[in-house]
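Undergrad: Quick paste from Swiss-Prot:
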- 35-55: transmembrane segment (TRANSMEM)
- 61-81: transmembrane segment (TRANSMEM)
- 106-126: transmembrane segment (TRANSMEM)
- 129-149: transmembrane segment (TRANSMEM)
- 157-177: transmembrane segment (TRANSMEM)
- 183-203: transmembrane segment (TRANSMEM)
- 224-244: transmembrane segment (TRANSMEM)
- 245-265: transmembrane segment (TRANSMEM)
- 286-306: transmembrane segment (TRANSMEM)
Amino acid sequence: MNPSPPSAAATPSSARAPSRFSQFYALTKPRVVQLIVFCALIGMVLAVPGVPTWLDVRLALIACAGIWLVAGAAAAFNCLVEQQIDAKMRRTAWRPTARGQLSNPLTLAFSAGLCALGSWVLYVWVNPLTMWLTFATFVGYAVVYTVILKPLTPQNIVIGGASGAMPPVLGWAAMTGSVGPEALILFLIIFLWTPPHFWALALYRVEDYRKAGLPMLPVTHGNEFTRLQVFLYTLVLFPACLMPFIFKMSGWLYLVAAVLLSIGFSGHAWCLWRNYSDALARKTFRFSLIHLSALFAALLLDHYLI
């Protein structure tokens, strides 16, 4: 499908503003950013013992807003850099930048504006450490991963996953002004979760990545090798998911959830390795989302109920 010509985007003035808003909103990758903010919120909650005060709640809400703004800025910058790649892939061809609906200067200004506003919010209303860690995460994702690693190496997800694993650290820093070992455990869980999550997606989208010229693992090393890596990573992830219980960050409720979810993820990966199908790869990818969301939700419930 050819990108829509500029004239096709013209609408009556009454409809122009909502359409433009939806385009900018799409640039922020809302679903991804929602998961980022959720993981940051878990770090915030675990950093505060007992029932939070109103001041704690206020600080957490402000921190979530600042992190959302900077995460949205990173997503928009990613769309700007990868617009030609996105246009070649079915999964991303709908993005406004890929369709030529937003100019490069406008997209760059939008990304810079969100980043500046979010950084200001975090620096002034939260603390400088959180601002600098969040800005470093922006650079890690938008520049190191998107510009350098992704088009260069099949290990892009492994190395670049460090920026994606930062949200709980940001949340912890927001509430305490420091980075505790508990935050690093949450970082480790997301860091190890990221490769099998993305490689499951890459397995059934391999032709998209091949057409776009991206050296994702299934493109460079083949289907079978990637399936094995997905399975092995879920095995390494399993004990990491038990660490919050081992180090007394959580109780039995989280332990039960972590064991069941980890068995489920490893089970999906085992089936994927032994008997591949696109449908099973898609199912594994979707379960990985359930795994992380439910795991952190269990941490949240355990913190208040046990």
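Each residue, glycine too, has its Cβ placed from N, Cα and C.
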Undergrad: Of the listed stretches (35-55, 61-81, 183-203), which one yields the highest count of Cβ-Cβ distances below 8 Å with the transmembrane segment (286-306)?
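TA: Out of the listed stretches, 35-55 contacts the transmembrane segment (286-306) most.
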Undergrad: For the transmembrane segment (224-244), find every same-chain residue at least 6 residues outside the stretch whose CB is under 8 Å from a CB in it, and list them.
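TA: Same-chain contacts beyond the ends: 182, 185-186, 188-189, 192-193, 195-196, 199-200, 202-203, 217-218, 250, 254-255, 258-259, 261-262, 265-266, 268-270, 272-273, 276, 284, 295, 299.
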Undergrad: Could you tell me whether the transmembrane segment (35-55) and the transmembrane segment (183-203) have 3+ CB pairs under 8 A, leaving out pairs under 6 positions apart?
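TA: Touching, yes - the transmembrane segment (183-203) and the transmembrane segment (35-55) meet the threshold of 3 or more Cβ pairs under 8 Å.
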Undergrad: Cβ under 8 Å to the transmembrane segment (106-126), counting only same-chain residues 6 or more beyond its ends: which ones?
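TA: For the transmembrane segment (106-126), the far contacts come to 24, 27-28, 59, 62-63, 65-74, 76-77, 79-80, 97, 134-135, 138, 142, 174.
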Undergrad: Between the transmembrane segment (35-55) and the transmembrane segment (129-149), are there three or more C-beta pairs closer than 8 Å, counting only pairs 6 or more apart along the chain?
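TA: Result for the transmembrane segment (35-55) with the transmembrane segment (129-149) is no.
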Undergrad: Which bits of the chain, at least 6 residues beyond where the transmembrane segment (129-149) starts or stops, bring a Cβ under 8 A of a Cβ in it?
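TA: Here the qualifying positions are 63, 66-67, 70-71, 73-74, 77-78, 81-82, 111, 115, 118-119, 122-123, 155-156, 159-160, 162-164, 166, 169-170, 173-174, 177-179.
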Undergrad: May I ask for the residues of the chain that lie six or more residues beyond the transmembrane segment (245-265) and have a Cβ under 8 Å from a Cβ within it?
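TA: For the transmembrane segment (245-265), the nonlocal Cβ contacts are 46, 181-182, 185, 196, 234, 237-238, 284, 287-288, 290-291, 294-295, 298-299, 301-303, 305-306.
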